[in-house]
Amino acid sequence: MENTLLWLVILIPGWALSDGSETELDFTWHLSRIPQVVSENTIHLASPTFQADAGVVKATVCGIECQEELPAPSLSQLEESLSYETIFENGTRTLTRVKVQGLVLEPTRNSSVKGAHPRRRRQVYGTDSRFSILDKRFATNFPFNTAVKLSTGCSGTLVSPNHVLTAAHCVHDGKDYVKGSKKLRVGVLKMRNKGGRKKRRGSKRSRREAESAGQSQAHLRESTTQRPGKKSRRGPRVTQGRPSFQWTRVKSTHIPKGWVRGENGGLALDYDYALLELKRAHKQQHMELGVSPTITKLPGGRIHFSGFDNDRDEQLVYRFCSVSEESNDLLYQYCDAEAGSTGSGIYLRLKEPGQKNWKRKIVAVYSGHQWVDVHGVQKDYNVAVRITPLKYAQICLWIHGNAANCAYG
């Protein structure tokens, strides 16, 4: 089962090319110049009450069909939605207004694009296709070790040595910050030794593993692939006991104003993302951000993500699935998932321009099982928020503090 999972992860892009219907050029990261989101001014706001329930979206949200009926937003509306709140660990809160530069506005919203299969509903479809990552050879290596757990019950993804990308509703319900988010923590999965103890912090082995994280994928293939008919001398190396988390406090949280609504405003699902800044840097390898391509540019039309589903007893759970429909800002997809996995970073594996290497990048955030408005009727779907060029520019600004490092994506 372990080797099967490894080959699934490695060979999925190859499956997409095997029928000859798609070319290698289709599966390359195409970097292009993106608009800039620039901070204009910052004002202080009153401290929140932290009384919202974690992970609960209390209203029907505007989904793909609903968005098709709306006019394209103006530049001022985009700047309003991309302005953002920052909440600090001491409870203080600020609002930063932004300006968008270098954007060419579209006259109308793009219509949705459907995938190859009819859309289905519910969180888990028929046979559960999720994989629990129990072996430390996988769980502690890239890309699985980029998945983290939030103390509010959601998941997230490491996108820099100091930052975690997650869903906005994991820390804010649209009106107030959730209970426990004032002392928000992020847990990085650590595996126990055979004796049930965690590795000693600061050990030489831990430092070597952190320093060699960039080579982990190649090492993983080499150390786990066996020749047919040859038994492993080491035997199965399945984790002993329960997983353990190394917890780090969150220093600050950024949320787009498009998610923060007043008493009369509805929730804008396309802004359901947030960035957490950690109080201290982690030693894990992180996953870079990328601009979400269209369905036709996805190898096999598939996406991937890992998170900590509540029904798997804090196990790290991986899945991949097809995208059924997309709009400018949202994806409807088939991935089996349960509560706890929301906030996970959805990633693709495409080739670097002009190279033979495949590279994974985060292109969307899993918003979860949501009730969406479909022509006036409420329906439930598994939804993800795409990282558009503007959102890439905004998240990049949050990470780097300026737009200088965010010109291409």
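Every residue gets a Cβ built from N, Cα and C, even glycine.
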Swiss-Prot annotation, N-linked glycosylation site - which of N90, N110: N90
Can you sort out which of C66, C170 is the disulfide partner Swiss-Prot gives for C154? C170
Using a 10 Å radius on the Cβ of N90 (N-linked glycosylation site), the other Cβ atoms enclosed count 9
Averaging the pLDDT values of the domain 'Peptidase S1' (124-404) gives 79
Rounded Cα-Cα span from N90 (N-linked glycosylation site) to C170 (disulfide bond), Å: 19
Cα-Cα separation of C154 (disulfide bond) and N90 (N-linked glycosylation site), in Å? 22
